[in-house]
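Chemist: Annotations for this protein, taken from TrEMBL, read as follows:
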type     : residues : note
DOMAIN   : 28-95    : domain 'HMA'
SIGNAL   : 1-17     : signal peptide
TRANSMEM : 210-230  : transmembrane segment
TRANSMEM : 274-295  : transmembrane segment
TRANSMEM : 307-324  : transmembrane segment
TRANSMEM : 464-486  : transmembrane segment
TRANSMEM : 498-518  : transmembrane segment
TRANSMEM : 805-828  : transmembrane segment
TRANSMEM : 840-859  : transmembrane segment
Amino acid sequence: MIILLTIILILTSILRSDDVERGPPNFERVVLLIDGLQCGCCEGGIARTVERISAIRTYQVNIVLARLEVELDTNRLSVVDIIKKLNAKTGYTFEEYVASSGQMLELFTSGPTILQQADTPAGVTYIELGSEKQPWHTSWLSSGRISAALTASEKPPSLDPNTVRVQYDAATIGPRQVFEHYQKLDDSLCLADPTRQPSLAMGAKQTKRALKYFIFALLFTIPVVVLAWAPVDHTRMVYAHVSLALATVVQGIATKEFVPAALWTLWYAHTFEMDFLIALSSTLAYTFSVVSYGFQINKTPLETGCFFETSTLLVTLILLGRVVNEFARYRAAKSVSFRSLQADEALLVLPNFHQSADPMTRTIDARLLQYGDHFKIAPHTRVVTDGVIVYGGSEIDESMITGESIPVAKGVHSKVFAGTMNGGGTLIVKLTALPHENSVNRIAALVEDAELTKPHVQNLADHIAGGFVPVMATIGVLVFLGWLLWESHHLKRSYKDAAVKAFTFAIATLVVSCPCAIGLAVPMVVLIAGGVAARFGIIFRDPQKMESARSVTDVIFDKTGTLTCGVLTVVGVELHGTYATKVHGILLSLLQDIQHPVAEGVLRYLRKEADFHLIEIVSVVDITSVPGSGVFGICEQSRLEVRAGHPSWLNVDIDDSRCTLLCVTVEGELSATFKLKDRPRHTAAMVIEKLHAEGIQTHMISGDSQGAVDDIAYTLGISKCNTKARCTPEGKMNYVKDLQKPRKTVMFIGDGTNDSVALKQAHVGVHINQGSDVAKSAADVVLMTTRLHDILILLDISRAAYRRIILNFIWAAIYNILAVVLASGLLTNAMKSARISPEYAGLGELVSVLPVVLIAFQMRWINWGKRYREIEYDYLRVDEPMQDRVVRMRSQRSTEMSAEEKS
């Protein structure tokens, strides 16, 4: 029987174990919102709990945004199970944050069951009825119009009973068509309220809750304080009775707010957090007050009296600190939110009116815009979504996206971006991106993903905060024992009076210390710095690189499109051999889909300057691009092989002039040579000069010819020994790798897909966005504009963020040392008033956290781009033409190089 029971227990434990493999690992990224995360030191308990769950591979906690990101093996543990486990073992409430796929409408209806009987239009892929939590109806499945079930991680959050969620394919059916289809069936149908950003909603909720508890405690604390400090006869027991009743209510608030989380963390995570110290000290203070009350009833009052004002003030001031803490975190999250730039309504231009100066329009919800729409932008209103102007002209303020304070002139065929502000003109715009996929939402998604990543310096803060509470608890015990021995043995006081005085010092010591400043020192600065950088068009995809950028020693620039404008002009053409007359027609076909500045420059020449109408286009098939070298294909009719690219790739021996060369061979025979020239960006020299002034070495590498590279390097002041020409993508990566030595931090700056491997290899990879998909960039940092001085702003923000992190650590250390010294009474013998009494020790969280928040927010008050814009405008002074400036710069560079050679 015993053996049988043992086998049953073993099998049961195996079946209940989380470690049972249910198939090969299937790791998915899951983001959870944390409700109840109250201070900067609460992360430790969550981290220890998560580390004990074997189905989680990696995790990141952001205490400012109250979010937890995990890589979860869903074959071992589902999202629902992980939420239940975390709720049970941490004391906080977790809920899954599922980012909407965008092509989804939430409809509010009084009768969702009516929609069950309706036909589903083509293009609708997923429907969830809130009343029955049913993703689809059986009749829809048989019609074949609904796709397969979504996985658990793809399913959106649950709906209220009167809400219907419809997911659709925007390429097949538009959101307005979906809405109008279902509105015909139910007149009461309308769009549900827009979903608020979860982090902001959670922050607002926690701030309101903290404020509610504080006000409630304050109302009961004020009478206790008045009774304690008023000039009344304190020997009358009626005052003590009233104070006891009021203090008991306040203690009930403290118990509800602090005790559960403290006990949960202690029991499950086996760690002490700040809630434990607060719960312990407030409970001891209240208990001591009740004991004092008992002594007073027995006509033997203690020296300190009933002490109720101390326990109530302690709790109330701690709650005040929590209100400030929660509000600061909420404001920090809100200050870096880009989604608030998204307009809610749009002026839809009715069909056939988009070429009119005053078209007929109707106001619709921005979520109902669809492909093919034209919308009107009235003067001084925000652009709803990305598009191309088809009528009108204006100046648009793009500072909220790019950081450029000067409005940009826009006309027909100009692109406009969501979230930017229109000037005094009226524009008619053709939609190119739906609201969920426009610039604002793409940038917001990048910023939100980056906010969950920890910089390396955060590990130090976590380590300090993790051991802070046990250390302070030990100090509190030592303070109590020290004062007890001092009062009883040295001053010869009774043990009762000695214990009372020792108790007040110990309580003050426990409460006044605060690890929240240490916990918030790094994430608050990183969050604000990332938001500030994003406002200048600098997107840190990995905040760890913000830390690395401060110590950059070498900056490597790709030449074409980065230091130069990337618009190459043909300055010479040489035709050779048998196929010279057919080269133009072959190139028009061969290069038409090649996105490279050289190819684009040659095509512009052929279409505008050559006799385009006389060119007979030759069809080329099987076109293959070789990054960093060129392109080749086969002429469809003659089956001749044609190649266009760099001379060295084609084994062509040609003089290396100061031009970019494109050679064309047909069947191995050289048929044409195109000479192209690019010009430097007007701010490139200024940026190089500033980097040199900061002690940073600059380098330039390119796949271009040596002569073209030397020409640009000479103009910009880059040393010839720091350049490399004819680089393939692997060559660029190797150049970066060779430069990465100990004590060297390398930044690579490029703009093309052939720079991807070098961007990944560098300590900090920076991609200058030229209209390519930002989300697919391999870089750590993305510049949303082509302004080169953004590199300098990036470095400034990185250094400023690091300085503020160090300043926050210094402040946290100074505060806690001084607070403990004053609260423990070490200076009372020298100065009797040099102490923090227990009732005021509750201000510790407020006093320690507020400077940390102000230090971080100070970054928002600096105009980081102003200094460089002024330098740029001075550099581009009107009285010095471009040619004179180049001559002056070359003369200065020649003098410098001569001095270098002599030395």
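Here the Cβ of each residue, glycine as well, is placed from N, Cα and C on the backbone.
These numbers come from a predicted model, not from an experiment.
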Chemist: Determine which recorded stretch among 274-295, 307-324, 464-486, 498-518, 840-859 has the most C-beta pairs below 8 angstroms with the transmembrane segment (210-230).
Modeler: 307-324
Chemist: Against which stretches of its own chain does the transmembrane segment (464-486) lie, if we need a Cβ under 8 Å and a gap of at least six residues from its ends?
Modeler: 40-41, 43-44, 271-274, 276-277, 280, 495, 498-499, 501-503, 505-507, 509-510, 513, 515, 518-519, 820, 824-825
Chemist: For the domain 'HMA' (28-95), DSSP counts of helix, strand and coil?
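Modeler: DSSP classes over the domain 'HMA' (28-95) add up to 21 helix, 25 strand, 22 coil.
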Chemist: So what's the mean pLDDT when you look at the domain 'HMA' (28-95)?
Modeler: 83
